[in-house]
Amino acid sequence: MAQEITHPTIVDGWFREISDTMWPGQAMTLKVEKVLHHEKSKYQDVLIFKSTTYGNVLVLDNVIQATERDEFAYQEMIAHLALNSHPNPKKVLVIGGGDGGVLREVVKHDSVEEAWLCDIDEAVIRLSKEYLPEMAASYSHPKVKTHIGDGFQFLRDYQNTFDVIITDSSDPEGPAETLFQKEYFQLLNSALTEKGVITTQAESMWIHLPIIKDLKKACSEVFPVAEYSFVTIPTYPTGTIGFMVCSKDKTCNVKKPLREISDEKEAELYRYYNKKIHEASFVLPTWAAKELN
């Protein structure tokens, strides 16, 4: 009989997401039906469990990255905010995002000819194919190319190459901390074509305003257009997470989609994103707007 898999974050059948640095004094808990997999990869602790209400859950270094029930909200927004702010995206790069969810959204755009993914940890890709098949299905798409390695080096090797670059990073602790700094945005800028657009994960305005202010400042020093937007998603801390959306084209209004499709086509392609949500996601509550604008 196979031995039951245990993990220190799971106590009395409940997974607890606790961080004294990123969200002190609060925690997300999910009831665990079964632990599916646990390993320590070369870079991080990888846990996958089946929850009673949110399907399979991917956890990296004790932090929820995706659940089958709500992942589409984040993946759709981080991808389509960028892709629909570019007039004709042909070559797209995803940094991180080894679960494949962002790639799945990228290849929905007919204009895209190449969709690259660069992730440092092969374990996330391998395990997502096994346990998150709806997210990872895009790895078999003919437009998709995968590179296992360091995002910084990849960007240095591909100057002036990509129309859109999407950074699907974890929180700014440990290896991901450098993805929130000015040097990284300068590398992104250099790897973009003339009217290039980026989106990057940008934390929750409810608990991370100082981080977001620094992030917006770093982006604004590199890109002429740098705006903050957000999405609601129940299994991320505070139920919201934000994005920086930036363009090299100073005339670009990232707050309105450049290319629109019919309502019927939207309903067919997306479960969260639509043209109205695109615009609304940049409208911030009064207190947050005061801090960030």
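Positions of Cβ are set from backbone N, Cα and C atoms, glycine also.
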Among Asp20, Asp119, Swiss-Prot assigns to the S-adenosyl 3-(methylsulfanyl)propylamine site of Gln44, Gln75, Asp99, Asp150, Gly151, Asp168 just Asp119
When the binding-site residues Gln44, Gln75 are compared by other Cβ atoms within 10 Å, fewest goes to Gln44
Cβ atoms other than its own within 10 Å of the Cβ of Asp168 (S-adenosyl 3-(methylsulfanyl)propylamine binding site), all chains, total 25
By a three-class reduction of DSSP, Tyr74 (putrescine binding site) is assigned helix
Of the binding-site residues Tyr74, Ser170, Tyr236, the one whose Cα sits nearest to the Cα of Gln44 (S-adenosyl 3-(methylsulfanyl)propylamine binding site) is Ser170
